[in-house]
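Notes follow the structure.
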Amino acid sequence: MYPAHLLVLLAVCVSLLGASAIPPLPLNLVQFTYLIQCANKGSRPSYHYADYGCYCGAGGSGTPVDELDRCCKIHDDCYGEAEKMGCYPKLTMYNYYCGTEGPYCNTKTDCQRYVCACDLKAAKCFARSPYNNKNYNIDTSKRCK
């Protein structure tokens, strides 16, 4: 084998080893994003909910800052219950549809049904809750105690 081929092979192997240490992204995040867009009829981009208040986004602590943030806390709690059932909510894929009346779930397994219900409830809650720009990207160390 040529030395250049060995270097390429070595580089591929090293990159694969490094990639195996990277945690996977939540698989149902895209589905949740579409449920949100369906529920709010596209009135606000889904990423606006990724860093809102004390609970929308990664983690969560303290008292929710408003109704929308309470939706995220309820969603977090729902995922916690799903985990107690032995489900992996961030990795669970499910079937859903966006109909004229909004999104709805159409899934087969208990975990799929439960996780889809969590996401559906949150998406509908987001759609009916006011969005306060002042609660986007807040200093959680000060406001979420």
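Just so it is clear, glycine is given a Cβ too, placed from its N, Cα and C backbone atoms.
The active site feature in Swiss-Prot is assigned to H75, D119. Per Swiss-Prot, the feature Ca(2+) binding site maps to Y55, G57, G59, D76. Under the heading disulfide bond, Swiss-Prot lists C38-C98, C54-C144, C56-C72, C71-C125, C78-C118, C87-C111, C105-C116. Feature annotation from Swiss-Prot assigns signal peptide to 1-21; the stated evidence is sequence analysis.
Projection of Swiss-Prot feature records onto the structure.
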{"residue": "C38", "record": "disulfide bond", "Cβ within 10 Å": "20"}
{"residue": "Y55", "record": "Ca(2+) binding site", "Cβ within 10 Å": "25"}
{"residue": "G59", "record": "Ca(2+) binding site", "Cβ within 10 Å": "9"}
{"residue": "C71", "record": "disulfide bond", "Cβ within 10 Å": "25"}
{"residue": "C72", "record": "disulfide bond", "Cβ within 10 Å": "22"}
{"residue": "D76", "record": "Ca(2+) binding site", "Cβ within 10 Å": "16"}
{"residue": "C98", "record": "disulfide bond", "Cβ within 10 Å": "14"}
{"residue": "C105", "record": "disulfide bond", "Cβ within 10 Å": "18"}
{"residue": "C116", "record": "disulfide bond", "Cβ within 10 Å": "25"}
{"residue": "C125", "record": "disulfide bond", "Cβ within 10 Å": "17"}
Near-site residues: Ca(2+), ref Y55, G57, G59, D76, CB cutoff 8 A to centroid: C54, C56, A58, G60, C72, K73
Cβ packing number for C111 (disulfide bond), 10 Å threshold: 18
Chain-internal residues, separated by at least six, CB under 8 A from C78 (disulfide bond): P89, A117, C118, K121, A122
CB within-chain contacts under 8 A for C144 (disulfide bond), separation at least 6: G53, C54, G60, S61, G62, T63, V65, I138
Cβ contacts of C56 (disulfide bond) (under 8 Å, same chain, 6 or more positions away): Y49, A50, L68, D69, C71, C72
Neighbour tally for C54 (disulfide bond), based on other Cβ positions within 10 Å of its Cβ: 23
Other CB atoms within 10 A, centred on G57 (Ca(2+) binding site): 14
